[in-house]
Amino acid sequence: MKIGVFDSGVGGFSVLKSLLKAQIFDEIIYYGDSARVPYGTKDPTTIKQFGLEALDFFKPHQIKLLIVACNTASALALEEMQKHSKIPIVGVIEPSILAIKQQVKDKNAPILVLGTKATIQSNAYDNALKQQGYLNVSHLATSLFVPLIEESILEGELLETCMRYYFTPLEILPEVVILGCTHFPLIAQKIEGYFMEHFALSTPPLLIHSGDAIVGYLQQKYALKKNACAFPKVEFHASGDVVWLEKQAKEWLKL
């Protein structure tokens, strides 16, 4: 099966990596809207328009399924995109909630949602979690992580300062952290390490990774089996510099 993966930039590589590892599709067309990243600081109307324009991009490629790997677009544009599409479109929020249902049985477990400003303000995760009975939910807009990751700053003083700025004021330590932006799994180990070191935790919080979550979701929904296909062919496209995007993909995905 030939599918598409849409993201605002390189963050969707975290989803793509999980898809490549699972080998459940034959061919993947990746489109990064890198000329307009970040999405998280833009208004909902603009994000919806970006989503519809992404649909126009994919039409000539004749894909059978589209994955919206961007949490911000999933929160604010997914419904509009689905209305204008004849093929199934899957976002990353519903799979993440399903992963929590499967892994977190304590409905009172403190859950922290990390995301861009736009994703957090949409309340998409908060509302979905409450519908499943999880009421001890807090959220934190951590938009500064996005430009750091886009610049391949995945460790070091700048990232440490950014984590300190966001996480020091936390009053309740989470047992579950939703990485509510597909950029964030690229610094997941650093986030986990920060919580362990600075809050003296005996065990790390459970990190919900949208890439792993969406593979599980797709397997369940479409009865797909891991390793059913050969290693997928991947084709990269971008609204900005596609050469730069391909270079980042080779470095991060080891292609």
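Each Cβ is built from the backbone N, Cα and C atoms, and glycine gets one as well.
Database features, via Swiss-Prot:
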type	residues	note
ACT_SITE	Cys70	active site, proton donor/acceptor
ACT_SITE	Cys181	active site, proton donor/acceptor
BINDING	Asp7, Ser8, Tyr39, Gly40, Asn71, Thr72, Thr182, His183	substrate binding site
- Starting from the Cβ centroid of Asp7, Ser8, Tyr39, Gly40, Asn71, Thr72, Thr182, His183, the recorded substrate site, name every other residue in that chain with its Cβ within 8 Å, sequence order please. Gly9, Gly11, Gly12, Val37, Pro38, Ala69, Cys70, Ala73, Thr116, Thr119, Val146, Cys181
- Tell me the Cβ contacts of Ser8 (substrate binding site) under 8 Å, same chain only and six or more apart in sequence, or just say none. Gly32, Asp33, Ser34, Arg36, Val37, Pro38, Tyr39, Phe50, Cys70, Thr72, Ala73
- Query: Are there residues of the same chain, six or more positions away from Gly40 (substrate binding site), whose CB falls under 8 angstroms from its CB, and which are they?
  - Reply: Thr72, Gly115, Thr116, Lys117, Ala118, Thr119, Ala141, Ser143, Val146, Cys181
- Task: Sort Thr72 (substrate binding site) into helix, strand or coil using the DSSP assignment.
- Result: helix
- Cβ contacts of His183 (substrate binding site) (under 8 Å, same chain, 6 or more positions away): Gly9, Val10, Gly11, Ser14, Phe145, Val146, Ile149, Glu150
